[in-house]
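Novice: If you scroll down you'll find the structure; I have some questions about it.
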Amino acid sequence: MITIEQLLDILKKDHNFREVLDADGYHYHYQGFSFERLSYDSRQVDGKTLFFAKGATFKADYLKEAITNGLQLYISEVDYELGIPVVLVTDIKKAMSLIAMAFYGNPQEKLKLLAFTGTKGKTTAAYFAYHMLKESYKPAMFSTMNTTLDGKTFFKSQLTTPESLDLFAMMAECVTNGMTHLIMEVSSQAYLVDRVYGLTFDVGVFLNISPDHIGPIEHPTFEDYFYHKRLLMENSRAVVINSGMDHFSFLADQVADQEHVFYGPLSDNQITTSQAFSFEAKGQLAGHYDIQLIGHFNQENAMAAGLACLRLGASLADIQKGIAKTRVPGRMEVLTMTNHAKVFVDYAHNGDSLEKLLSVVEEHQTGKLMLILGAPGNKGESRRADFGRVIHQHPNLTVILTADDPNFEDPEDISKEIASHIARPVEIISDREQAIQKAMSLCQGAKDAVIIAGKGADAYQIVKGQQVAYAGDLAIAKHYL
């Protein structure tokens with residue numbers, strides 16, 4: 001429960017309070033209300049709900065519906081003049097985060113918090129950390145792929161970083177379940193829209209940066225994207241940073257006065273020997289590590305997670321066992337066809353991660369390589385040119401472009417846009433299952449491979465704003481082995 005007095009005190013301390021408006025006019029103080037629930041969904045309110053009117057598409061009709069369900073007061077940046085009191089604020093998203101934090105009893109203070117950011121590798125690194133910490137502790141995890149609040153039950157995540165009301169409700173459930181640590185992926189979008197406003201992490205990890213999520217509804221420029229990524233460093237007590245990433249010198253200067261550790265080529269924490277399924281490291285993680293996920297970049301993700309978990313109480317033995325046990329749904333999953341050709345299913349969904357994926361496969365498969373690829377509609381438009389650039393640099397690839405969450409766009413138009421950046425003919429088959437079947441039918445022997453990129457373990461396609469059932473890349477590939 002939270003009272004109106006407590007609510008106003010939080011807003012005033014954050015300099016986010018304007019006034020309370022009701023039929024009697026303006027009020028600096030207010031009383032007589034307490035709330036047992038928080039909501040930003042007008043369909044889920046009653047007389048004891050504190051409702052947040054948020055979003056560029058919010059309509060007064062939503063508020064009218066909530067009032068008919070018993071709503072007595074709301075928080076907003078706008079007075080909709082509907083006859084009930086409104087708490088007016090300058091920034092509704094910041095208000096949501098701080099009020100949710102207090103409402104749920106500050107659960108962040110009862111968990112050790114580890115956050116990963118980066119253009120690629122967040123989910124893989126989070127899974128490594130989860131398995132490392134699980135050896136001696138009780139970690140919960142919020143990742144793009146899956147969420148677990150009790151270490152036993154996993155459910156599909158809707159957002160990389162949940163909305164603040166959901167985030168703190170889930171954190172509180174983690175505390176109730178006896179969890180000791182929480183591992184999170186923190187997206188640039190989470191900082192752009194203040195989902196984690198006011199939250200301080202025990203350790204923040206910056207894996208890498210490359211242009212992505214740049215478009216009309218995301219970040220307008222790379223500078224804006226990079227800036228919002230860096231906010232995790234400002235909001236972490238200690239940081240772990242990849243010294244091999246672009247703009248590392250800037251980040252090194254930024255974190256000079258806080259606890260930090262670097263890994264990679266310009267640090268003492270390096271991979272000294274790399275094999276397909278093992279690596280040797282020097283520095284704080286000195287030793288031998290077995291790993292199921294192929295690729296040097298996955299070994300670097302394991303290093304990042306290991307250094308972070310070392311700060312959170314994990315032993316070197318915990319880290320070794322955790323790395324050896326880690327598998328990630330939809331990340332570098334490998335199938336073998338009856339003719340011994342390989343099928344790689346991976347979530348690679350931007351130019352940088354696609355380049356890494358192709359390079360790893362080319363190390364191991366020297367025959368005909370087939371790539372199945374698409375790009376999402378109505379977001380991350382810059383990826384399309386990036387995909388074309390990467391494909392152009394791999395001339396031996398046979399490419400089939402297909403649908404990947406086309407949303408409100410025509411998947412064929414998206415494919416044609418990608419194709420416009422490739423200086424050789426490519427095939428377009430918009431039906432993703434047909435594209436996979438066609439590619440697999442062209443493989444003839446053990447040196448050949450099909451690379452299915454983009455959707456990973458997702459068992460749906462986003463079409464016209466809705467999740468439409470889709471068997472999933474892995475299930476389809478298994479069917480045609």
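Glycine is no exception: its Cβ is also placed from the backbone N, Cα and C atoms.
Straight out of Swiss-Prot:
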- GLY118, THR119, LYS120, GLY121, LYS122, THR123, THR124: ATP binding site (BINDING)
- LYS229: N6-carboxylysine (MOD_RES)
- 404-407: motif 'L-lysine recognition motif' (MOTIF)
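Let's see these features in context: how buried, what's close, how far.
Specialist: Within the same chain, residues at least 6 positions away in sequence whose Cβ sits under 8 Å from that of LYS122 (ATP binding site) are PHE116, SER143, THR144, THR160, GLU185, SER187, LEU207.
Summarising the environment of LYS229 (N6-carboxylysine), the number of other Cβ atoms within 10 Å of its Cβ, over all protein chains shown, is 24.
Mean pLDDT for the motif 'L-lysine recognition motif' (404-407) in the predicted structure: 97.
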Novice: Under 8 Å Cβ-Cβ from GLY118 (ATP binding site), six or more apart in the same chain: what's there?
Specialist: ALA125, VAL205, PHE206, LEU207, ASN208, ILE209, LYS229, ASN242
Novice: Let's check the environment of LYS120 (ATP binding site): how many other CB atoms sit within 10 Å of its CB?
Specialist: 25
Novice: Other residues with Cβ within 8 Å of the Cβ centroid of GLY118, THR119, LYS120, GLY121, LYS122, THR123, THR124 at the ATP site?
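Specialist: Going along the sequence, the neighbours come out as PHE116, ALA125, GLU185, LEU207, ASN208, ASN301, SER353.
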Novice: Around GLY121 (ATP binding site), which residues of its chain at least 6 apart sit with Cβ under 8 Å of its Cβ?
Specialist: LEU207, ASN208, PHE297, ASN298, GLU300, ASN301, ALA304, SER353
